[in-house]
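Here the structure comes first, spelled out in structure tokens, and everything after it is commentary.
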Amino acid sequence: MAETESSVSDPPKPDETPEEETPSTTNTTTDSLSFNIWPPTNRTRDAVVRRLVETLTTDTVLSKRYGSVATEEAEKSARSIEQEAFDAAHSEHASRFGSGSGSGSSSVEDGIEILQVYSKEVSRRMLEFAKSRAEKAVPTPAPVEAASENVTLTQHIIFDIT
């Protein structure tokens, strides 16, 4: 191999780093790296939705207890669950830190607290969804059927006595 050719194992030189690998939150004037925990990126939110769909549709503790969900219904419900949880956490963030604080939290610790609110909201809403779906799936006897069963039982008892 000629010296001018690079091998596959050669790491890229700093000036050759592809743009997508460069952190978007890098502050170029001070060369320091900064990031915000809250709000999560769209990529993170999409990952949450994918995980919700997986939890609702595959063999998990939740699906064993409350039943699995069809993929289409799970995708629609997961998007709704995630959006509602995000909105609840965003409201919590605004009430704690004010709406004028920008999109980021005032500190990493604050961002972690709001991220925990978001996570708990996702979990709570997913569980509520699974429970409500299971309740709808369990057939309860209609009052008419129960009444006719009682009449039949009563008739049986009367005929046995006479």
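Cβ coordinates come from backbone N, Cα and C, glycine included.
Feature annotations, courtesy of TrEMBL:
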- 1-40: region 'Disordered' (REGION)
- 23-32: compositional bias 'Low complexity' (COMPBIAS)
- 34-137: domain 'WPP' (DOMAIN)
- 66-107: region 'Disordered' (REGION)
- 73-95: compositional bias 'Basic and acidic residues' (COMPBIAS)
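Mean pLDDT of the predicted structure over the domain 'WPP' (34-137): 90. Taken through DSSP, the compositional bias 'Basic and acidic residues' (73-95) splits into 23 helix, 0 strand, 0 coil.
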